[in-house]
């Protein structure tokens, strides 16, 4: 039976991480299991930045964005000697299991610890919604609302000035945030990494629409596909309409989590503790068809893929 649990947040912050940590802490304490907060992710684990948590430690955190535990990039965690030091620090505090909240990079750290014999549970915390084994990640819907708000505002000014707006949206290699926000905002175009981007064909379609009287548009595009400032200049040259590029950037990560993210994170955090009490380790939690599930974390990273819903992209284009 697990006696003490550690919890950390890692990678890019996501709204709802605090709610997940709160659920881990209070569920563990409910079962008289000790719980320790690890500050600044895997870097803090390596540096022994570990403190005991009480119910009061997580009071008034469920509504806060970001992560009060902090996060940090720490690529050195790939080194076995670094992980051995991390496990040594966990043992010093008599912690015998770890809950990690983060994306697939954070899962990789949990996988490595699992392979070294230290039980871990991963919770999907990222606005990108790109983690295998779950329909939705903690923070995704809050980020979606943030993007929608920005697109609505850009629509106002674009229509007023007869302007095209090219909007770069986060997501890394996943186009979910782009597609869902395009549908929700009525954007004319959604360009995602899952589908090849034919720039010339896209410009031809845009020229045709402008030729038929279109005088403003919103173009949503996932980051890293192309230079949006260059694309905006080319659109302006090809269509004759003033075109501006907007990179939403890190504003997408901030803000108070939505009700959905608070509840999802709370369910997942509590479920992680239940799994550890049942003797599970090396698992990652997900939600599928609104039911909590868990998968082998190694299998999730190495063999599971997250299918892209082409039908949603088709819908975005049909409704544009």
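Positions of Cβ are set from backbone N, Cα and C atoms, glycine also.
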Using only what Swiss-Prot says about ADP binding by 22, 23, 24, 25, 26, 186, 187, 188, 214, 215, 216, identify which of 47, 155, 234, 244 is listed for that site too.
155
Given that Swiss-Prot lists 126, 127, 128, 163, 170, 171, 172, 244, 250, 251, 252, 253 as binding substrate, which residue among 115, 223, 274 does it place in the same site?
223
Out of 6, 12, 16, 34, which is the one Swiss-Prot records at the ATP site of 73, 74, 103, 104, 105, 106?
12
Quick one, of the binding-site residues 106, 126, 215, which Cβ has the fewest other Cβ within 10 Å?
215
Once the DSSP letters are reduced so that anything not helix or strand counts as coil, what is residue 244 (substrate binding site)?
strand
Close binding-site residues near residue 253 (substrate binding site), where close means Cα within 10 Å, chosen from 12, 24, 186:
12
Between residue 106 (ATP binding site) and residue 251 (substrate binding site), what C-alpha distance do you get in Å?
22
Specify the nearest of the binding-site residues 74, 126, 172, 244 to residue 24 (ADP binding site), where nearness means the distance between Cα atoms.
126
Can you name the residues of this chain that are 6 or more positions from residue 251 (substrate binding site) yet have a C-beta less than 8 Å from its C-beta?
146, 150
